[in-house]
Structure formats: structure tokens, C-alpha cells
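Accompanying notes for the structure given below.
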Amino acid sequence: MFKHTLGAAALSLLFNSNAVQASPVPETSPATGHLFKRVAQISPQYPMFTVPLPIPPVKQPRLTVTNPVNGQEIWYYEVEIKPFTHQVYPDLGSADLVGYDGMSPGPTFQVPRGVETVVRFINNAEAPNSVHLHGSFSRAAFDGWAEDITEPGSFKDYYYPNRQSARTLWYHDHAMHITAENAYRGQAGLYMLTDPAEDALNLPSGYGEFDIPMILTSKQYTANGNLVTTNGELNSFWGDVIHVNGQPWPFKNVEPRKYRFRFLDAAVSRSFGLYFADTDAIDTRLPFKVIASDSGLLEHPADTSLLYISMAERYEVVFDFSDYAGKTIELRNLGGSIGGIGTDTDYDNTDKVMRFVVADDTTQPDTSVVPANLRDVPFPSPTTNTPRQFRFGRTGPTWTINGVAFADVQNRLLANVPVGTVERWELINAGNGWTHPIHIHLVDFKVISRTSGNNARTVMPYESGLKDVVWLGRRETVVVEAHYAPFPGVYMFHCHNLIHEDHDMMAAFNATVLPDYGYNATVFVDPMEELWQARPYELGEFQAQSGQFSVQAVTERIQTMAEYRPYAAADE
């Protein structure tokens with residue numbers, strides 16, 4: 001019924017390209033003299049723990065559209081990407097930001113499992129953008145391919161399946177060579193999937209009340225209160241001012257009861273070693289439970305007093321304040337370059353994150369629990385096949401994977417993986433002067449092993465669930481195992497240090513299918529498929545909700561998209 005626009009030459013490249021295995025490549029290692037040293041803060045001093053923790057608002061759909069194929073609802077949203085200013089320092093000038101709906105972080109999506117969504121991202125900013133719903137098994141055309149940009153004055157409709165189990169996803173910019181600056185200035189937000197199975201566990205709940213988003217970033221400011229740009233940075237942008245939900249070093253009033261915290265490291269380059277401490281004994285780490293990681297709940301809670309989290313990782317923890325009534329608890333960040341695992345520069349105050357002021361009593365009894373059994377995690381079937389090897393390093397000034405940069409269009413496709421295949425990938429960081437959080441699009445993976453490393457760190461107990469990002473510390477090798485399903489297409493994998501990503505530490509893999517796969521596959525294989533490209537718009541039409549933004553036009557557009565059945569394979 002529908003024709004694809006993928007040319008013969010492109011099809012040949014996708015289905016016949018040979019994977020490039022890891023081989024020795026020239027590497028230049030930066031000096032490591034800064035490790036384990038604390039240096040003076042460069043940004044102006046900020047009055048810590050004086051501003052309450054902000055909670056991003058919940059995004060509401062503009063309308064619902066009936067799917068003509070199955071009769072189910074599709075929720076339609078509009079998000080305007082636009083510049084705005086924000087008074088960060090109370091006694092200095094404002095900072096120039098660009099955010100989703102003119103806020104940073106962007107609004108939080110809360111979507112029930114099984115409800116498809118179409119989100120129209122409208123670029124009313126000055127720079128191109130591309131949006132990645134991180135952790136979703138979106139079709140390639142809606143996955144935020146780095147070159148699939150939306151220019152200013154255009155919009156793109158992203159169609160999301162929301163078929164996965166409950167989990168904390170996030171959406172952020174992914175535009176070629178400008179992801180760091182776009183995300184740094186505000187283009188990031190949470191996208192939460194919910195489902196009845198998780199709700200039935202009776203974990204601490206109530207968004208913004210006892211279920212708290214915690215989006216971590218690290219920035220740097222000029223003497224007048226504006227942001228220092230990331231442009232021109234080639235190694236890492238650490239930042240010396242820690243933010244939670246866009247606010248430097250906030251505080252939160254809490255009750256002496258259990259709270260669920262959804263941590264996301266949305267920083268450009270900074271990783272964290274998070275722990276809770278009583279201000280009466282600041283060097284003593286308090287126990288808490290990790291209940292979920294990138295791809296949803298663990299099988300069992302993991303008890304710990306220290307949580308390593310790198311860029312793009314998500315962890316959900318439950319901390320019980322009931323033993324600390326009337327006290328002050330701080331969330332802290334481990335110094336010494338995160339215990340020697342990281343290479344981050346420690347500034348005067350980057351060991352502090354935020355403060356919790358615990359009330360003397362609860363307003364109502366705490367009936368929430370943390371069950372010993374959270375769920376049966378759908379791990380991929382084990383494989384004994386030889387792992388593919390991918391070496392993350394540096395070739396001259398360029399960050400590369402197996403010596404290949406993303407700008408090398410002819411060679412950046414490093415793997416062809418038949419849909420439905422389980423594979424092990426060996427991720428290698430031979431460098432001593434950098435670390436790499438590695439994100440593989442489309443899939444959830446199991447962390448099988450972690451070896452070598454300067455600290456002999458193994459797989460942490462809270463890494464026992466499914467993930468989509470794994471942190472490669474200095475000189476570490478990590479093996480991950482994933483089921484490459486449910487969709488064919490060309491997808492990215494890359495380092496999520498956004499400076500490294502922007503400077504080409506990114507590659508592609510092709511989840512392949514036979515030509516007679518049996519349903520409308522090829523129209524979604526190419527992430528640059530013309531059918532789904534961004535479209536120009538008139539600002540007046542958007543503001544008046546007319547033309548392409550009228551209810552009739554939006555309904556027709558979404559129903560046409562649904563007729564292609566982009567997510568039919570997930571139901572088979």
C-alpha cells in the first residue's frame with residue numbers, strides 16, 4: 001500500500017555493510033594531574049540551600065485522536081522549543097536558556113503503558129534540534145538520528161510506542177555537533193511510563209509529593225550570571241555549580257517517611273557518586289535502596305550507601321527519613337574524581353548536591369512499602385557467541401569508536417544485527433584520562449561483566465537489572481548482552497559525555513530484516529526517511545492553532561501516520 005523512499009544504494013549499504021571489529025588505533029591520553037585534586041570554584045559564589053527544589057510540571061496532551069487501525073486512543077502533544085531567560089543568581093543578571101515550552105528542565109510526560117503518543121516538537125529557537133526519547137524502542141525515523149534535524153521555523157511529529165514496562169525515560173536534544181550546547185541550555189526533560197503492575201507494589205507515590213524527579217546537571221557561570229558556553233570544548237565540560245531540576249544546590253522540606261527519588265544524570269560531562277549524610281555526621285553514609293535502573297524495576301531492591309551514576313543513566317532509589325525526624329540530611333557527591341573511577345575535576349562545592357530538612361512528624365501515616373520482590377526482569381536469552389568488540393578512544397583530536405568517527409559516513413555503520421538476535425558486545429576503554437557512559441539505542445541490555453579498571457570495580461548490585469547506558473571507567477572493559485528487537489532499522493550507539501558525542505564518538509548499527517519480512521518494514525528502516533522529515537510552519541498558525549495546527553489537520557496527520565502501523569511488530 002505504501003512506498004518507501006530508501007534508494008537501492010542505501011539499501012545495499014544497510015544490508016551488506018561489513019561490521020568493523022576493534023583493532024589497535026593511535027590514542028592520545030590527556031594529562032591526569034588534575035585527578036583527586038580540589039580546585040577553586042570559577043563561577044560566582046551561590047547561596048546554597050536557600051531555594052526550594054522545583055518540580056517540573058506534568059505535560060498535558062492537547063487532544064486525543066482515534067487510531068483508525070485499532071480504534072485505540074493516541075495522545076497528541078505540542079512542545080515549543082524556545083529561548084527564555086532565568087534569574088539563577090539572585091543578585092546578578094539572568095541566564096540565557098533554550099527549553100522545551102520555555103522551561104528547564106522541560107515538562108514531565110506521564111504516559112500509561114500501551115498508549116501511543118505523537119509529540120510535535122516546534123522549533124521556535126535559533127539553532128537546529130533533533131529529539132531523542134532516550135530508552136524508548138522508537139522506530140528509527142522517530143529516534144532522534146543526529147542528522148535528522150529540525151531547523152528553526154519547522155516542526156517534526158515524533159510517534160512513540162510506549163509499549164515497555166514502567167520506567168523513567170527522558171527526552172533531550174540529539175542534533176549533530178550541537179547536542180552539548182542545546183542540552184546544557186535546557187533541552188532535557190523526563191518522560192515517565194506507568195503501568196498497573198508497578199502501581200500495585202505500593203511504592204512511595206504521588207509525583208512531586210513522595211515520588212520526586214531529581215535531574216542532575218553541572219554548569220558554569222560568568223561574573224554577570226550568564227552561562228559559560230560549552231562551544232569550543234574538546235575534552236569535557238565539568239561545570240562547578242551543581243543543579244537539581246535546574247536549581248543550584250536546592251533544599252526540600254520532607255516528612256520522616258519513605259520517598260522515591262528518580263535520579264537522572266543530565267550533565268554534559270559530570271558523573272556522580274551519590275550518598276546521603278546526616279549533617280551531624282557528614283562523613284557517614286546512610287543506607288538506602290535502589291529499586292530501578294534505566295529500563296525499569298530491578299528484580300529485588302539493592303541495598304547500598306553509595307550510588308555511581310554517569311551521564312544519561314537513571315536510577316530510582318527509596319530513602320527512608322523516618323529515623324531522622326527533626327534533622328537535616330544532605331545529598332552529597334563523592335570527591336576524589338568519584339573515588340578514582342572518574343576523571344571529573346572536583347571544585348570547592350561539587351561535593352554538595354542538595355539538602356533535605358526533615359519535619360518532626362508526618363502529616364499522615366506512611367503506608368508505602370519496598371517489596372523484597374519487585375518483578376521478573378525479562379532478560380535476553382543467554383548467548384555463547386563471541387562478542388563484538390568496540391573500542392572507545394581518541395585518534396588525534398577526534399573521539400572515535402574502533403577508530404571511526406561519526407562524520408565518516410562510509411564507515412560509521414559498525415554492525416549488522418539480524419532482528420531477534422541476542423548478542424554480546426564488549427565495550428573497551430583503554431584510556432586512563434577519560435571515562436565513557438555508553439548508550440545503545442533501541443535495546444535494553446544486561447551488564448554481564450566489568451573487568452580491568454584502575455579500581456577493580458565489578459558489576460554493581462544496582463546494575464543487575466536492564467539498562468541502556470553503562471559507565472566505562474578508566475581502563476575498564478564491560479560486556480553487555482542485548483536482544484536486538486523488536487524493530488529493524490539503523491540506530492546509533494555512542495558515548496553520552498556530550499562533548500565526546502559532539503566530536504564524533506558515535507557510530508551506527510543496523511538491525512536487519514529479510515526483504516520479505518511481511519509487514520511495512522522498510523519505510524521505517526532509514527532514519528532519514530522523507531515521509532517523516534520536519535516541516536516548515538508559520539508562527540501565526542501555531543499561535544492561533546490554525547492551518548497545520550488545527551484540530552482537523554492534526555487529526556488527519558496522526559491518522560495517516562497510524563495507518564503505516566509503525567509499531568505492529570511489538571504486538572506480534
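FYI, residue positions are counted from 1 along the chain as it appears here.
Note: Cβ is positioned from N, Cα and C throughout, glycine not excepted.
Here's what Swiss-Prot has on this protein:
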BINDING   His132, His439  Cu cation 1 binding site
BINDING   His134, His172, His496  Cu cation 2 binding site
BINDING   His174, His441, His494  Cu cation 3 binding site
BINDING   His436, Cys495, His500, Met505  Cu cation 4 binding site
DOMAIN    98-194  domain 'Plastocyanin-like 1'
DOMAIN    404-526  domain 'Plastocyanin-like 2'
CARBOHYD  Asn510  N-linked glycosylation site
CARBOHYD  Asn520  N-linked glycosylation site
SIGNAL    1-19  signal peptide
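Ranked by CA distance from His134 (Cu cation 2 binding site), the recorded positions His494, His500, Asn510 have His494 at the top as the closest. For the recorded Cu cation 4 site, residues His436, Cys495, His500, Met505 set the reference point as the centre of their Cβ atoms, and the other residues of that chain within 8 Å of it by Cβ are Phe392, Trp399, Ile401, Trp434, Pro437, Ile438, His494, His496, Asn497, Glu501, Met506. For His172 (Cu cation 2 binding site) paired with Cys495 (Cu cation 4 binding site), the C-alpha to C-alpha distance reads 15 Å. Sorting the domain 'Plastocyanin-like 2' (404-526) by DSSP state (H, G, I as helix; E, B as strand; all else coil) yields 11 helix, 55 strand, 57 coil.
Nearest neighbour of His494 (Cu cation 3 binding site) by Cα distance, taken over the binding-site residues His436, His439, His500: His439. Rounded to a whole number, the C-alpha distance linking His500 (Cu cation 4 binding site) with Asn510 (N-linked glycosylation site) is 22 angstrom. In the shown protein chains, 28 other C-beta atoms lie within 10 A of the C-beta of Cys495 (Cu cation 4 binding site).
Within 8 Å of the centroid of the Cβ atoms of His134, His172, His496, where the record puts Cu cation 2, the same chain has further Cβ atoms from His132, Trp170, His174, Ala183, Ala188, Ala266, Met311, Ala312, His439.
Other residues of the same chain near the Cu cation 3 site, with their Cβ within 8 Å of the Cβ centroid of His174, His441, His494, are His132, Asp143, Gly144, Trp145, Ala146, His439, Tyr491, Met492, Phe493, Glu501, Met506.
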